[in-house]
There are 2 protein chains.
Amino acid sequence: MDRKWQLLALGFVLGVTALCASFVGGMYFQHTDARKRLWELIQTDPYAYYLSPKIYEVFTFFETNNEADHRMRQIMKFGFPGLDDLRLYSDFVLSYDRRNRVAHWVCEHLQADSIHPNRGRRGRNPYQPDLSVPSNFRSELSDYRRSGFDRGHLAAAGNHHLQQNHCEDTFFLTNIAPQVGQGFNRGAWNNLEQYVRSLVHRFGSVFVCTGPLYKPNQRAGGKWAVEYEMIGLNMVAVPTHFFKVIMVESKLQLGKPYMEGYVLPNAPIPDGLPLRSFLCDIREIEHYAGLKFFDGLRRSALFGSNYPSESRVFREFS
Amino acid sequence: MDRKWQLLALGFVLGVTALCASFVGGMYFQHTDARKRLWELIQTDPYAYYLSPKIYEVFTFFETNNEADHRMRQIMKFGFPGLDDLRLYSDFVLSYDRRNRVAHWVCEHLQADSIHPNRGRRGRNPYQPDLSVPSNFRSELSDYRRSGFDRGHLAAAGNHHLQQNHCEDTFFLTNIAPQVGQGFNRGAWNNLEQYVRSLVHRFGSVFVCTGPLYKPNQRAGGKWAVEYEMIGLNMVAVPTHFFKVIMVESKLQLGKPYMEGYVLPNAPIPDGLPLRSFLCDIREIEHYAGLKFFDGLRRSALFGSNYPSESRVFREFS
């Protein structure tokens with residue numbers, strides 16, 4: 001009799017355990033299925049990536065490890081400068097200004113591999129409008145023709161040589177802005193791009209955020225006003241200035257990152273001027289651009305910023 | 001013997017069924033728990049609301065009915081005009097332009113209740129900076145002082161009388177733009193706001209999207225340029241024009257909505273001019289503002305738009 005009750009009790013306990021295990025199994029199955037789909041969404045939609053820390057909080061009970069690696073996660077790991085019309089390309093992330101038909105900002109993550117000069121080649125006239133932008137907000141090749149301005153890259157083509165499509169993507173007109181050719185796009189701006197690549201060679205991992213500025217000018221009478229040209233039938237804005245904010249990761253473990261910002265006027269710049277004379281306080285760039293750069297880092301505590309001479313960057317920072 | 005096997009088989013089937021049910025129960029439990037948290041997130045974060053159709057796809061196996069009612073769902077039900085720095089207030093949704101320190105757009109949903117004049121009252125000097133905007137991008141009361149411009153509402157205070165906090169929220173400086181006072185803010189613009197309320201009285205449910213424009217001008221020589229003033233220490237942009245896009249829901253079941261758009265220059269407007277002379281093609285407003293209005297509706301197929309006279313709106317549309 002005792003034996004029978006024991007067996008029954010054992011059966012009961014086993015049954016309840018099995019039921020509980022099955023319940024938890026069901027929870028886990030549903031959880032992993034939703035996580036997998038969420039993961040696919042986050043890889044293709046920058047807004048989903050931006051929101052992902054909050055969405056992950058939706059999933060409780062089981063741990064969610066979101067440490068897997070995809071390109072956007074690398075490029076945007078220190079935060080989004082702004083959230084207007086985010087666009088994901090093969091090797092950079094861009095925010096598009098539909099009002100001015102020029103990007104707000106372009107973020108890149110550069111490593112020695114991506115700037116290798118022998119990989120990736122431009123085709124013939126590779127510039128092309130981005131058809132994913134609605135026609136009402138799109139810039140076209142015709143807007144630049146006979147405008148007197150160069151089609152200037154924001155994410156430089158020379159920074160994206162790892163794969164053919166990386167380089168091709170930089171020729172979408174969303175990544176292009178009207179730049180003065182002689183003395184700017186083919187002068188100082190080009191020098192700045194080469195300086196960035198020299199940082200990549202030295203330090204290995206460099207984050208760059210590039211974009212246009214529309215800076216106000218003081219008028220007679222003391223009032224301030226913003227003024228900029230619009231070119232082409234689609235009214236593409238000609239920025240008054242361009243900025244680059246550069247963040248260099250230290251090679252040392254726990255080494256501090258180093259950050260500096262440049263603002264160059266969209267105008268012919270004399271050859272002799274050193275790049276360092278265009279260094280600019282990053283908070284000032286943020287004020288004019290309406291953006292926040294590398295917001296995920298505690299800036300005041302962590303950063304050396306804007307060394308006055310190039311040699312000091314190379315000497316003191318590593 | 002047969003009896004015993006039958007019992008065993010029955011027990012086995014029951015056990016498996018119980019395990020399956022428990023498994024599905026676990027799935028469902030996990031599903032509803034995540035859904036509940038997601039729901040809380042969506043009610044407070046406009047980006048989560050914008051993404052919600054895609055996030056809901058993450059949850060398969062069980063139906064997700066997302067038809068419950070919250071304010072943002074009503075106001076934004078026809079889509080977001082843009083996605084830059086979305087902000088949720090008690091009775092309107094706003095996108096803030098950090099570069100110009102003025103909103104990109106403000107969306108309202110008006111019903112007879114909310115414009116009832118006896119509810120809600122302004123306090124004394126209720127204007128206040130929105131401290132949730134980072135200081136680098138915030139407009140302050142001091143910027144407007146002695147600027148010569150009125151603190152003009154985008155979402156009109158008179159449209160939000162259902163609760164005290166609805167009205168108070170319209171006095172945040174994020175909802176305010178520098179407007180010419182005499183002949184504009186206290187003239188034609190005020191008339192436009194009253195016209196909107198007359199539509200609410202007639203038709204019951206009206207969606208309004210309001211914002212600034214920075215329109216280019218043709219210069220001597222044929223070139224186009226954008227020019228606008230900046231006021232105050234924080235550089236708050238003075239828009240050249242303001243727009244309102246109005247969408248009226250039909251009272252009839254399956255009735256077509258009606259849409260019209262106005263653009264008024266931020267300048268003194270003579271008293272005699274009828275409002276209808278400022279009617280503007282909605283695609284043109286979209287082009288200058290870089291926004292898409294009520295994008296969730298198939299516009300060409302569904303809309304009557306921009307009737308030439310006010311009486312025709314009231315007569316022909318219902």
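Using the three backbone atoms N, Cα and C, a Cβ is placed for every residue, glycine included.
Quick look at what TrEMBL annotates:
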- A:H153: active site, proton acceptor (ACT_SITE)
- A:N185: Mg(2+) binding site (BINDING)
- A:88-300: domain 'DNA/RNA non-specific endonuclease/pyrophosphatase/phosphodiesterase' (DOMAIN)
- A:89-300: domain 'ENPP1-3/EXOG-like endonuclease/phosphodiesterase' (DOMAIN)
- A:7-29: transmembrane segment (TRANSMEM)
DSSP three-state assignment (helix, strand or coil) for the residue listed as 'Mg(2+) binding site': helix
Report, in whole Å, the straight Cα-to-Cα distance of the residue listed as 'active site, proton acceptor' from A:N185 (Mg(2+) binding site). 9
Including all protein chains displayed, how many Cβ atoms other than that of A:N185 (Mg(2+) binding site) lie within 10 Å of its Cβ? 21
Per-residue pLDDT averaged over the domain 'ENPP1-3/EXOG-like endonuclease/phosphodiesterase' (A:89-300), given as an integer: 92
Cβ-Cβ under 8 Å from A:H153 (active site, proton acceptor), same chain, 6 or more residues apart: which ones? A:T170, A:N175, A:I176
